[in-house]
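If you look up TrEMBL, you'll see E450, E459 marked as active site, proton donor/acceptor. Taken from TrEMBL, the feature S-adenosyl-L-methionine binding site covers Y338, K347, Y348, E406, D434, M435. The domain 'PRMT5 TIM barrel' annotation in TrEMBL covers 39-304. Here TrEMBL flags 310-479 as domain 'PRMT5 arginine-N-methyltransferase'. Residues annotated as domain 'PRMT5 oligomerisation' in TrEMBL: 482-648. Among the features that TrEMBL reports, site 'Critical for specifying symmetric addition of methyl groups' is placed at F341.
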Amino acid sequence: MGLGERGGWDKSESRYCGVETEFDDDVPRLLSFNLSSTGFDFVVAPLTDPTYRPSLIEADDGSSHVPPFAGSDLVLSPSQWSSHVVGKISSWIDLDSEDEIVRMDSETTLKQEIAWATHLSLQACLLPSPKGASCANYARCVNQILQGLSNMQLWLRIPLLKSDDDSPDVDSDNLMDFWELWNSFRLICEHHSQLSLALDILSTLPSVNSIGRWFGEPVRVAIIHTDSFLTNAQGYPCLSKSHQKLITGFFNHSVQVIISGKPLHSIPAETIGSAANHSDNNVNSALRHPLRSYLDYVGYLYQRMEPLSEQERIELGYRDFLQAPLQPLMDNLEAQTYETFEKDSVKYMQYQRAISKALLDRVPDGEAAAATTVLMVVGAGRGPLVRASLQAAEETGRKLKVYAVEKNPNAVVTLHSLVKLERWENVVTIVSCDMRLWNAPERADILVSELLGSFGDNELSPECLDGAQRFLKQDGISIPSSYTSFIQPITASKLYNDVKSHKDLVHFETAYVVKLHSVARLAPTKPVFTFNHPDYSTKKSNQRYKKLQFEVPRDTGSVMVHGFAGYFDATLYKDVHLGIEPSMATPNMFSWFAIFFPLRQPICVQPGSPLEVHFWRCCGSAKVWYEWCVTSPRPSPIHNSNGRSYWVGL
């Protein structure tokens, strides 16, 4: 049934809501009660009688036995088991118990229940939270199970709890950060992609920074307990502002909600019927599910979310999808790629603003009628910057002579058609040539280019503009005039697992373009490399090296760094800029996603411990590449030494 639709495009898994139930050996009745009449989409139900202990059965009778599962596989259809039941592994199990009988019983039960769930084709099983700070044996057994699982997900239940040092009611000798427990478990399980998280949402929440790190982890469900709800003026359950914000954040990350616990709100009798009618006209108030009002509230939160913008809907399919960066010098772009970039009207409006300002500075009003400005578009593509330049000239009343330089012969065909169609033959000269090899017939007043990559210089803008700079007048203007790259450490469990799935070194030493979504940004960005144009310094080099130190806010707790997100910001001319650095990103621009530099081995950073990272931009005769490594809190190998895995060809 779902929590409601936010438009026909809404296909997010988060619109399905589940309920945690007690053991019931009549599974059809359990489903009928919780699903048919109430609006829940699935149940999280124990698979085995909670009193079952293998050792007790064997002690009574040496013969083989059948565990007391909740009914035969025949009581539901395969699609019902798969779509509407999540198996809840017995909560009593303790695989790290000092008591050997408990430990052995736990291991046997865990394996029996997972085997039964696999037989039923369940999509997921909920694993109970580890009982203590040590979880090595539990994680070892789960890892064994994961090796043989086909496609079922295992959700490890972890409380969203972090004791803060300054909390008055917390024993400072017994501080517990449950992220540490999760981290130990997933490291023992080798970051397995089928091991996910089920977060228990309690009545008190940790700090915003502490919560933020979970958004880079593989959270599949949020279990909200009824005692986390407050009571509104009408007696109905509601959530605090901070809980609302958290649940909305989870909805945006395709996290499903499960409601757990007993009803704690006594809804006034005279409103029960109207409440039931309000939510579902077919629901008989006498049969109203005791948790219905909690479900209604979660549905209300879901439906009142802001709808995605058109741009966000276009980008949905790119979220957390790794793409190899373009090789614009080695390869010629295809028509589809040009078309995508040409649709970015915001980018070209910024270019037009910059060109207009440059023209006004270059030619005073008194000389506008007589003076002609020579403008060169280097890397003209199919002509969007040519159009922006001519519109700027028209807007400012300045005369232009335009050279459109483009190395891709296929794009040049389109350029010729455009010039003919727009009747620009007397203004625009098309040059089919690599800008680094062209001998210009005259020098330019303004040099315009769009050679920037997601990391600023990663598509070789410095090398291209160095080659083109020779045909710019000594006092000429380059648009852009400068650009700076930025990085920040991120938790990105999904991206890490996607890279790891290739099982080779090359993919861990490649930078990817990616629309970052399920990530936790762990510290503010810091600038890396800056390039200025034109650059007339005599000893100039495009090689760069930068050492950076990041501080993760102390109240975040420990974090896992899977790699670094990279961005850029460019000054086109004077105060006109464009970029994707999060704190000053140009709104509604989609030409660039971030870049992701993975780490071969993720690095755990403790509170208050600095993270020191080194980045190099290296130049050879035929290629440019990046190298990167971490030196604190522990050293990592140099990634991409000598450009062995990833480079950009000159």
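The backbone N, Cα and C atoms fix where each Cβ goes, and this holds for glycine too.
Structure with TrEMBL features highlighted.
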| residue | record | Cβ neighbours (10 Å) |
| --- | --- | --- |
| Y338 | S-adenosyl-L-methionine binding site | 18 |
| F341 | site 'Critical for specifying symmetric addition of methyl groups' | 17 |
| K347 | S-adenosyl-L-methionine binding site | 24 |
| Y348 | S-adenosyl-L-methionine binding site | 19 |
| E406 | S-adenosyl-L-methionine binding site | 25 |
| D434 | S-adenosyl-L-methionine binding site | 17 |
| M435 | S-adenosyl-L-methionine binding site | 24 |
| E450 | active site, proton donor/acceptor | 25 |
| E459 | active site, proton donor/acceptor | 22 |
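Separating the Cα atoms of K347 (S-adenosyl-L-methionine binding site) and F341 (site 'Critical for specifying symmetric addition of methyl groups') is a whole-number distance of 9 Å. Spacing of F341 (site 'Critical for specifying symmetric addition of methyl groups') relative to E450 (active site, proton donor/acceptor) is 11 Å (Cα to Cα, whole number).
Recorded residues E450 (active site, proton donor/acceptor) and M435 (S-adenosyl-L-methionine binding site) have their alpha carbons 13 Å apart, per Cα-Cα distance. Of all residue pairs in the S-adenosyl-L-methionine-binding list (Y338, K347, Y348, E406, D434, M435), the one with the greatest Cα separation is 24 Å apart. With respect to their backbone Cα atoms, E406 (S-adenosyl-L-methionine binding site) and E459 (active site, proton donor/acceptor) stand 16 Å from each other.
Annotated pair Y338 (S-adenosyl-L-methionine binding site) and E459 (active site, proton donor/acceptor), C-alpha to C-alpha distance, rounded: 15 Å.
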